[in-house]
Amino acid sequence: AGSLLLAVHFYSSPRAVPLIPSTALGVLLLILSALLAYAGIRRSLRNASLLVSLCLTLSALWSGYGVILIQAGQGLLPEPGDARDALVPGLATFTLALLLVAVAGFLCGEPVLALLAAAVSLASAHEVALHYSSSLGPSAVACSHLLVCLVGSYFALGRILYFLTKGKIVLSGTDLAEKKAQEQGWGSAGSTNPFAAPGLLLNMLSASVFGCRLLGVTHTLSLGHVPWLWAAGTFQIGICVLSYRAMDVLMATAFGFTAILKFAGGYCLLYPAWQTEEPSFPTPFLVVFSILFAVLALFLSLRSPMDGLYLLVFVAYCIALACSPRGFFAGGPQGVDVAIFVASALVALIHLYNGRAKAKIPTGEAAVKALLARSSLLKLREGPDLHTPYLGYSKYADAEVLAYACSVLASFALTATGDPQAPLATVVIPWVVVAGGILKLLGGSVAFARGKTLESSAFILYSVMWIIWGLTRYGGLYGTARSFHAAVGIVAFMLFNSFIVICSLFLNMAWFFYSLTYMLIAVSFLLDAIHALPAGYDIAATLIFGLVSFYCFLAALSSSTFEGSSLPMGRPMVRLSGVGAGATKCLHLPARKASSVKRIADILRNGGTCGIPTDTVYVLVAACNRPDAVEKAHRSKRQAQDRPMSLWISSLKQLEPAKHLFTPLLWDFMEAAWPSPISLVIPRGKWVDFLGMKDSAKYVGTPQSVAIRIPDCSVTTHLIDLVGPIVVTSANPTGEADTTHHNQVYAKLGDKVDAVLCGGPSPENIASTVVDCTKIDSGNIGFFRVGIIPKSQV
């Protein structure tokens, strides 16, 4: 669709009035870029096909292209060469970027997607040539876009046929399910983050904008280059979030850092639009930024030496910016931009190839692992539970590393006093608002998704404060007057932060000092608002907070990389009994081991209660022949009368001695329904005594009926074979949400449960379907709860 619009645009460009105005075309491309990004993100949640990189790269191309077309349509690029200078850096970058995607596609057996990428690359190359040579007419560019339409239509047709025929008709090269099976068969060696390659390609885009100026490809750096830089920055923030979804903390942090640079570059190009002079840079901030990049590169090299060495280019970039008063406009940083462009292209190609190829290009990871294996001090954190929170389950890795780093950046940015008469002339807003505000808000959101209530509250509160204060003080909104109303607002923030300081006493020492030193920042804001700020206090406060944040940054990095606490965060200063008060008394045993199931069985036989995984959500169980255990489970759950405990067996053979007590229809229905996540509520009778329940029977079901089922889970049925019939209830206090991860069992029930059989996240987030079979012989069944099995299937 996008290429068809561009084909029409170029075919009609020789006319006096084009068929599609520039503004309308730009808006349409922005809409299509959003749809493409959505398609890439949705696809990435299922497998790491080349389609992910292609969709995100094309989306970035069309978003920047669309904004430039809108600028041209609104007369913001008035000079004849402005549009050319604005478009060429981005088009040249995506010509090479899409060519890299095409090469990786051809090498890894995805010819249709590779051909599609090559066709878009050819169209971009033709357009670049069109801007420099009139001999190549716009019809050639339009023909290239029509080729993209043809290949894209073939791929779309193949996918439509695949879905309509449920996989029976598959056009060659369009079966993404086959690619997924191949990737799973080849193992997980190499890059496991499908978003790393698009993020690296976006680094090429920002480097191209400044590198083209150094090489003389473009005449000036202007407003027309801002869309490329801010599109790259916006997409990299999105890729940062998606990298957390891919459980890649270090690359997510790296993309957050590079996104800050892109927004700062765009701000510097935007500033001359209303002022004649170039903005100035705060040197201390860039020195600190280079240190953060260097530390991150060191830790990243332990995971992937190639990526760690790549980040060293950005260390040089920050140093070059710090040494150049003109910042992004100077030749030194632009020379490093050229190096970033080349390095990004090479590393992106390796990521694209390693993500899909059977034979990987070595990145040095094996050598580092072999070296660290000889060390008894340092051991890398690995395994499926690497990013699992202490209590709960999250689809995102921990973002505290980025949040602490943003605190460091925002605090050191405030050390630049700037000119009160021209606050925008000093580049502080991107550092404070993007780093301290937007990215810290991102870190707080991820912390909330991981169940870290206090940390997320603090990060979100601090991000709001950085955004408001950064825009007020360095955005020209404050002026020379000091406002009482601003002081009242800051006092409100300080009251909120006081609550966080008190709560952090129960967390750890590092968090206590982190929140306490932020109070010094808030006090400096307050004193400035009432025009009573002592000389040097604000710089001292920001330095203290920055150093504490830097320690937290190092501690979070080391804890996410190495086993054990290399840099401790400290113990809670005030301790409470219960969860988090020390070592967990509850056993946590892996469900994949038969010895663990046997141990859980021993605990149940001895009168214990345990949390176990099932074919739906986690449940709390006790042995039927232990009335004391059943009573304990009943008390720990605070069981409501309208939600009685149910009975589980492993086979109908356990009910064979009492078969004569069931009607033939009910027996046949049980045989047909089980094993499955269907609980059948059947009339209570003497058959209960055949299961050896004794005094436990009063806690199970109601006086009239009992819910019974055979779970469709091998671990659960094996446990029942060892213990006998079990009494079951959901592993959460009555009225709360179902438990979908083994860590949540202890989080919700505490020491009331004796052991937890750990099976990771539940296969389903919905409980079983409960069917009323008390009147089945009269031809009627009802539903107490429609769960994972729909009514129609029952």
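Please read every residue number as a count from 1 along the shown chain.
The backbone N, Cα and C atoms fix where each Cβ goes, and this holds for glycine too.
Copied over from TrEMBL, here are the features:
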- 20-38: transmembrane segment (TRANSMEM)
- 86-107: transmembrane segment (TRANSMEM)
- 139-162: transmembrane segment (TRANSMEM)
- 228-247: transmembrane segment (TRANSMEM)
- 254-274: transmembrane segment (TRANSMEM)
- 280-302: transmembrane segment (TRANSMEM)
- 309-329: transmembrane segment (TRANSMEM)
- 335-353: transmembrane segment (TRANSMEM)
- 401-418: transmembrane segment (TRANSMEM)
- 484-507: transmembrane segment (TRANSMEM)
- 512-533: transmembrane segment (TRANSMEM)
- 539-557: transmembrane segment (TRANSMEM)
- 594-789: domain 'YrdC-like' (DOMAIN)
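Long-range contacts of the transmembrane segment (280-302) within its own chain (CB-CB distance under 8 A, at least 6 residues past either end) are made by residues 250-251, 253-254, 257, 260, 308-312, 314-315, 318-319, 321-322, 324-325, 327, 364, 368, 372, 380, 405, 408-409, 412-413, 415-416, 425-428, 431, 546, 553-554, 557-558, 561.
Here the listed stretches are 20-38, 139-162, 254-274, 401-418, and the one with the most C-beta pairs under 8 angstroms to the transmembrane segment (512-533) is 401-418.
Beyond the ends of the transmembrane segment (139-162), by six or more residues, the same chain brings 3-4, 6-11, 112-113, 115-116, 119-120, 122-123, 126-127, 130, 169-176 to within a C-beta distance below 8 angstroms of the stretch.
Long-range contacts of the transmembrane segment (20-38) within its own chain (CB-CB distance under 8 A, at least 6 residues past either end) are made by residues 1-2, 5-6, 8-9, 12, 55-56, 58-63, 65-70, 72-74, 235, 238.
When Cβ-Cβ distances below 8 Å are used as the criterion, the transmembrane segment (309-329) is approached by residues 210, 221, 254, 257-258, 261, 264-265, 268-269, 278-281, 283, 286-287, 289-290, 293-294, 296-297, 300-301, 335-337, 339-340, 343-344, 347, 427 of the same chain, each at least six residues removed from its ends.
Computed over the domain 'YrdC-like' (594-789), the whole-number mean pLDDT of the model equals 85.
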